[in-house]
């Protein structure tokens, strides 16, 4: 039977069937195995098991046979499933398959999975954890920041959780206080809140109200608790008993409880003004309180964990209570706008109610009443074996209503109703097909998840045709049963109406344009129609969608075709903007690349939806209407615009789509402003449209063409122009723009004219708008040049003549050849001065300009972010700085050294990849921009550094890891690393000082084998070090204590893991050793050393957080850190290694003389009898008089970081090893793999000091020092243990990891040959040496070098000496650093239990941002202003090539300086964002701020016009001050008497000020006057220039060098400009887009984006990083003088111009074709 069930036949069995059968037998779930047994015993139809056939094939006992076929001769699957679960031993196959240890191809307990580890320490089963994981990742993926934090979780659980309890509930889950809930915390919290015993559930509630986590509810916390409990209780369905309950009654009950708790009847300390509860009192009050206020909250949290977090109910009756309780609570709340409710057909709801309400006497949950549930442990499991397999299994088993109906009909035919006796059948997936109508567009993709069209022919009634459930409850039912057709509906609030549920949203058809056939023959319609995605949520909810293929543009204009692409449902209150944004997110489009059109059903035309803020109802869009989604082409053209052009030119119509405007209230009331008309994009012509729009809004030029004055000045004979074509086409387009009533026009004729006369702008590519503008102004000027015949002129050399004469001469010659309105408005004059550095000769030249091209500052800096990882295990710190791109990594080290005070030669700069050190960057390498923000710098150990150290945690390794992990220091540091990272930097100095003052002494810098004497004192009076004596006494418990497993604890072990003999040792120890004990004394030392209770201070070597380097004791000997020999070393054999410090003291660190090294196995230690106070006194009294005393060097502190004195010798880098984190996971393909497990790397590699003579235990201690912050600490006591934090008691006696020797890849062994398939030989935690002098010497010149090498001393690790020859060892001294990593690496193999339960992955890449990060980032993107660019433009620069000096008669070095001599009325500023760098054009994204009003370019004028303006302003201010002085002379008199400085100010004024003494006046006037006189007292320094000496500025004889036509009241010497237009370029160089902003004649600002034109605020927000062209107009400019006088003039003969028009029309018609 088994062979046949697996697919075997007489001809054999296929491999696929055999494999599936083995997987089912070994890995199948209980439900799958039950279904497998059903298929073995059922009939051929697979519907029933016949009693006669079953008894014949299976030898059943009478009892089992009667229990199975008691009601009928045949049973269905549901009946068989219930029976076989209860009688697993009924048959041989069921006993074999359904037992816990059935068949296993590999032992699951060799490497426990994450599920097994969590199941072992929580009240959850492995399947529960798997279900929670699915929901956890779904929630995490929907979060915006990828984390389940309070901001994300709040809207999901509140309501029903009260808002004032939201933070407390979140903190109860967030045990490590990192601000988000990880999966382990979720499982532990759900276990404690739902599956734990009543005591644990109550303790979880206590954590909700204990906000400060001090174990006591303060008065405020107690009042908050009462408010929450009352609010939840009154929302409960059984709220009658809580209806009249008030806050005062609860407080009274608490006071009575406190009185009962008082010993001997003494008065309670609790009062109404001071009500507080301890954790014990809280739990007793919840049990003894008659109010039972805690039960509603417990029920709410119980429901929350099932509904929101994804926990499955343990039985169907529990499911009924959860669903009904959640639904009743939600129904009592009013509708909220935006809330989604889901429709469920009433038939399915009834079947579910019957299934879940059916109770039996066998279910323990059903036997409990509401009053009993508070006293009975709610973690009991229903004996009915509620089927909780996945939704996919439901489908594969073909269960549901169909099976139930078949069973009923069969039973009815035999006269026995099986359904009546076995109970209702589990309902199948939710099927709402009877609520909706048939979809006529079944083959069209739906973008929204509305589910379908509800029936309208028959009215649907709630509670009769359908039921409504909230979104959260629907998701839970969907997880448990599945669904075929969700029907979400949204709550809306129409204007002037109440909220309502919108059952019938608008179902719209979305049309797209059919792609024009390309050369490949693939149309866009097929591609768009083939998109597929899974839609989740309701209509309007985001869903994943495909991309969009850009529509190709045919070279022949023709109307685009439309086709039905999608359907979507939207609320009738949705706005056009919301619809557009939804479609963009669904189809991955940009909002600026789409437009929406309404296509009426009986009309082929389209109406553009311009009103973004109007809703669909206001736009008269009805159900089943059509919306056209227009997608802009790749060349930035709009298909509808091109189609309208084709239609118009072919005679089919004369209007554009924009002509049709919907007559809405806003469109009727709005007036189409003149000039507010867009321009069609004719194929990447945005550069032309933007330039034209700003010229159209240049008011004097616009008036010139609007009045048709150009027709009197067209110069068709000018060969340098376009024969008047451009001027005529430009005028026609300008007139059309300013008089059009349509929203956009097509600049076709002007485009053809530009292509003809400027072929460089032809084609479909993108061009530079500035280049077009410059050509356009020049071509318009030539077409309108009033000079018919240009005279010949030759520009003379300045030859030392005054600038005024040379400039007038140059402008006169230019004006004689060029006279037009373009010259009058846009042209100015630049002064160019070249100074010879050899003789000082100056050559001045004046040239006209139409726009100023200002180069942007190009900074050749690279921004670096470097993460510094220290050896002390502190939180890494990230630094930021900027370096020149030509620098090397040696400069980076020195720059970083100034920030973190870490010596450059103690830095290892490297790049990480895949949790490994990919490459070490040498000092002489040039900086790379690719890894600028991903650099890691490790602190290298000093040559004398020891490894077992951590003063911050006071780590005494002999004390045992259990007590270390429970120490308050570790708990505090672990919490502070998450909750106080923002203050870590500022408090680092205080922490360093505090630790240094605790009396810890660092080790001594000693080389060789030596012994340190006990009489040690300090020789530096300023030293903070005081030697201490650390003692430790064990409690003697050790291994002598044997704890008996309690009965309930044994049941927990049996429930979680089955039989004990199958459990792994570590997990069994955790389950059995539940009572904490201290570690045995000999855990980390040998027996002889264990008898010694005193521990020397020199054994415990400390480093401080953020320490750059310290002096460490260098040990050697058999037991380097456990040696207790006390024979002193002669002080004469020590050599001083540190010089005198600046305070007069001396750092007397000594080293042993190399000549005295005898190679003896001797240790050294400090005496254990020194007193701290005596040592301090001796150090202060005998500072300089004890030359034979030994002390440690004291590093100075600065902001918590040690800084070295300049007098100290350079630090020498020591040897080190690289360690990588590794976890062992079960191999997925265990059938084919040689190994059952596979290693994988994770986290950030470590750098482990490996000094000479170090032991394996030193390696373990050094690793523990750096990884201890990544583990969640064990609670200090068992009373403080949380629900699942104390994961494994066995970890207290050992490190939670194992070190192994591997290769650089971290996966294979570095010792064994590849054929052994070894994953790395274990490095045991003992006192064997790691190194024995086999390493080559460290190259002093290289700072990033190390040569790790291991010499094994135990049999399990072979000796590495056989692999190394002397030649090979010597060569390693000169091998690059990366070579060393290829030989030997340490793999940190984490214990699976510790990795799963205590390792905090969020801390792996946690760092603290140094203040330099913000400073450097700000400097990197620091903006500049327009003045900065103008200063750079007018500053003097040295010429790269030598200049031919006319005076020296040869080439000489020279400088050049540009300045503005004459300002134009319209000043165009060009910001040069496009530059050629190394042969490639790049765009600068530099932020340039520019003024809108009162832009004064005076500082950038040449000296003569600049001094003229400044002197005029100065005299004007003096005149104003004099007038004010005359009016308030009395005030001046009083001020002179009071304030002496005012007298000095008055004496310095010139005589023409006319200041006299005056009487007193009110104080405000006197203050203003005094400030004004003080300001003017400091006379302006007049400009000094050779030009001013030749052209002096005479007061009263000022000359206006700009000659602007201004209005009468405007000062001609106040050249202030206002911004009226901007051209912006967004995107990259080759694929960007131009838009323009302009202010029209009324002062309103408009944004012109091709055919789109919209009004914006008065001062538009323009991206300063995209501004490209700035247009300024002189304030007070009078337009009339610039316009020619045409009175009495006749039009010239322009007969030749219309001929060109006909030619243009002909070219245009060639593009039209009728398809």
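Backbone N, Cα and C atoms are what each Cβ position is placed from, and that goes for glycine too.
The feature active site, proton acceptor is assigned by Swiss-Prot to 1633, with sequence analysis given as support. According to its DSSP assignment, residue 1633 (active site, proton acceptor) is in a strand.
Sequence annotations record features per position, and here Swiss-Prot assigns Ca(2+) 1 binding site to 174, 176, 178, 180, 185. The Cβ neighbour count for residue 176 (Ca(2+) 1 binding site), using a 10 Å radius over every protein chain in view, is 21.
Feature annotation from Swiss-Prot assigns Ca(2+) 2 binding site to 210, 212, 214, 221. In the three-state DSSP classification, residue 214 (Ca(2+) 2 binding site) falls within coil.
The feature compositional bias 'Polar residues' is assigned by Swiss-Prot to 1103-1126 (among others).
What Swiss-Prot lists as compositional bias 'Polar residues' is 1150-1164 (among others).
Here Swiss-Prot flags 1188-1209 (among others) as compositional bias 'Polar residues'.
Swiss-Prot lists 1550-1559 (among others) with the feature compositional bias 'Polar residues'.
For 161-196, the entry in Swiss-Prot reads domain 'EF-hand 1', with the evidence type sequence analysis. Summarising model confidence by region, the domain 'EF-hand 1' (161-196) averages a pLDDT of 87.
For the domain 'EF-hand 2' (197-232), the list of distant contacts is 160, 162, 164-165, 167-169, 171-172, 189, 242, 245-247, 250-251, 254, 273-279, 282-283, 286-287, 293-294, 296-298, 300-301, 374-379, 1280, 1283: same-chain residues at least six beyond its ends, Cβ to Cβ under 8 Å. Residues or ranges marked as domain 'EF-hand 2' in Swiss-Prot (evidence: sequence analysis): 197-232.
Using the Cβ center of 210, 212, 214, 221 for Ca(2+) 2, the list of other same-chain residues with Cβ within 8 Å runs, in sequence order, 209, 211, 213, 215, 216, 217, 218. Taken residue by residue with DSSP, residue 185 (Ca(2+) 1 binding site) is part of a helix. Taking H, G and I as helix, E and B as strand and the rest as coil, DSSP gives the domain 'EF-hand 1' (161-196) the counts 24 helix, 1 strand, 11 coil. Each of the binding-site residues 185, 210, 212, 221 was scored by other CB atoms within 10 A of its CB, and the lowest score goes to 212. For residue 180 (Ca(2+) 1 binding site), applying a Cβ distance below 8 Å and a minimum sequence separation of six or more within one chain yields 147, 148, 149, 174, 1402.
A gap of 18 Å separates the Cα atoms of residue 185 (Ca(2+) 1 binding site) and residue 210 (Ca(2+) 2 binding site). Considering other CB atoms within 10 Å as the measure, the emptiest surroundings among the binding-site residues 174, 178, 214 are those of 214.
Ranked by CA distance from residue 1633 (active site, proton acceptor), the binding-site residues 178, 210, 221 have 178 at the top as the closest.
Cα to Cα, residue 178 (Ca(2+) 1 binding site) and residue 212 (Ca(2+) 2 binding site) are separated by 15 Å.
When secondary structure is read from DSSP and collapsed to three states, residue 221 (Ca(2+) 2 binding site) falls in the helix class. The CA atom of residue 212 (Ca(2+) 2 binding site) is located 14 Å away from the CA atom of residue 176 (Ca(2+) 1 binding site).
Rounded to the nearest whole angstrom, the C-alpha distance between residue 176 (Ca(2+) 1 binding site) and residue 214 (Ca(2+) 2 binding site) is 15.
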